[in-house]
């Protein structure tokens, strides 16, 4: 049983990842250097954490288009809050912790808004999150006065190590991403919550008759996603110390693409968190390889990405349908 | 707080614009309404442009009571066409200042405004056919690339290696890059790579990280945009190679101008492409209605080098850009 699962449908994205790694190593000797690997993993961390949350939302039959705008909005709020608290708290750990708290709270509230509109007001998730996507994006542009919101220079110098440093040479974004991925995998496979998500996504009526609190579980998936967007923002802000209307553009589509590449069904009912992680890495690696090797005109980068995304999914669908899934 | 002021100003503007539309018909003196249609503030440069447009309108309305302005910002070409139709149908404008979102789709609608006998000023992006606009105000993309290229040529030895970040693939970006390449021709400077950073800090950060992994020797970076320069400087700092290379951005963002004023060795100079060019367009259009000053023709704003000596002149601490 386990062997059957590992052999076929799961191999698609994993094989694509391995091919990409081999290709990268073949094209450029610096590809496997620790510096480059750190860069790619740290870059993947933002979309990665968001995509793990997105896996639960999609598995339970939902969708969230607002995460990119939400990340920009949270980053804006966090920076404004930290700048405002600077005179009272001074530069130090309390300021950073307060900023992190703001990011998480705003993230949870934003997720709660999406979730309540979907579960209580019973509006299609696509429409709800399309709406909030526009709202969050405009709000951050407005907060920034059309420009860029920047964290105070001194505060930023203090906060900067949260992105760039770590322990044992592994940077914090990578550590956090790994922890989130493991927690997500466990939650999906080994907890009641994960099983409920799959049950609701396959057939919410049956789930309801089986005494699953469908609305509550759905709401929690959105809240969790909001919190993870907040967590991603906490690690994003120290990177450049700024947020603007162009922060996080198209993150939602990258996150959704990663989830689907990883083998989660877009219509819900089946979720695979580690597959999502593979999907995120595939997307980051394509960009990285295209930058490292002058394979094609940069005008065609988008086309190459598109081809690989479709191929990764085709491989897997072909094999999984043979398996009867 | 700044946000509040901004909101207040917008609201006040909307109210005056609304009043203008109703009072224009009954006023005894000849009054004019000028429509201003620009892309919305989606990135740093456009944010600066929006700010300068609002400031200019505030100043002109105070100076010339007979002038009223209608400002509309659009996030995409279709919305901008709607804005122009609304201005014609409901605001009865006498003149139009427009920065077309895209040349092709806006050509027809702007021509319709012209055909209705209104004054038309086109800013920065030309229309697809000639002879529509009365006044054309633009920055100089060729000079933008050439001035940067000249600086590289004059300040790097033969055999030096540089990397280039390009913007969003557009004709404007091509003009800049072609002029840059032409300017450094024959200098022996080698361009190692040119990838698109899309005038975006995050994208530029990523592209620069990859450049740094790929090339052991980089002597200078043409980031071609100040937002991208901010991302580039972070990537270089992360790699610990700050002392190895300098960066030339472009546009004239206040943070970068400040660093030039402070003689930061990483940012020796910057090349202007001022978002305030919209102010020039609005002011000149206003002159057309309040005086006999001839303003028809083409007005090309040069791209000049910001150096530590003249940086003061290009520093606008209040602008968001």
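Quick reminder: no glycine exception, Cβ is built from N, Cα and C everywhere.
Below 8 angstroms of C-beta separation, residues 64, 67, 71, 125, 163, 171, 173-174, 176-177, 180-181, 184, 187-188, 194, 197, 201, 221-222, 224-229, 231-232, 235-236, 251, 254-256, 258-260, 262, 264-266, 268, 271-273, 276-277, 279-281, 283-285, 288 of the same chain, each at least six residues beyond the ends of the transmembrane segment (A:40-58), sit close to that stretch. Annotation source TrEMBL lists transmembrane segment at A:40-58 (among others).
As annotated by TrEMBL, transmembrane segment applies to A:65-85 (among others).
Per TrEMBL, the feature transmembrane segment maps to A:91-113 (among others). Distant neighbours of the transmembrane segment (A:91-113): 66, 70, 73-75, 77-79, 81-82, 85, 132, 136, 154-155, 158-159, 162, 219, 222-231, 233-234, 237; these residues of the same chain sit at least 6 beyond its ends, with a Cβ under 8 Å from one of its Cβ atoms.
The transmembrane segment annotation in TrEMBL covers A:125-144 (among others). The list of residues near the transmembrane segment (A:125-144) in space but at least 6 beyond its ends in sequence, with Cβ under 8 angstroms from a Cβ of it, reads 57, 62-66, 68-70, 72-73, 75-77, 80, 110, 113-114, 117-118, 243-245, 247, 252.
Only residues 6 or more beyond the boundaries of the transmembrane segment (A:164-186), in the same chain, are considered here, and those with a CB under 8 A from a CB of the stretch are 34, 38, 41-42, 44-46, 48-49, 52-53, 55-56, 228, 231, 235, 238-239, 273-274, 276-277. Residues or ranges marked as transmembrane segment by TrEMBL: A:164-186 (among others).
Summarising the annotation, TrEMBL assigns transmembrane segment to A:219-237 (among others).
Marked as transmembrane segment by TrEMBL: A:249-266 (among others). Through the fold, the transmembrane segment (A:249-266) approaches residues 9-10, 12-13, 16, 46-48, 50-51, 54-55, 58-59, 63-69, 71-72, 133, 201, 272-280, 282-283, 309, 312-313, 316, 320 of its own chain, all at least 6 residues removed from its boundaries and within a Cβ separation under 8 Å.
The transmembrane segment annotation in TrEMBL covers A:273-290 (among others).
If one looks beyond the transmembrane segment (A:296-315) by at least 6 residues along the same chain, the residues whose Cβ comes under 8 Å of a Cβ in the stretch are 12-13, 15-16, 20, 257, 260-261, 279, 282-283, 286-287, 290. Taken from TrEMBL, the feature transmembrane segment applies to A:296-315 (among others).
Same-chain neighbours of the transmembrane segment (A:273-290): 10, 13-14, 16-17, 20-21, 23-24, 27-28, 31, 36, 39-41, 43-44, 47-48, 51-52, 54-55, 181, 184-185, 187-189, 254, 257-264, 296, 298, 301, 304-305, 308-309, 312, counting only residues six or more beyond its ends whose CB sits under 8 Å from a CB of the stretch.
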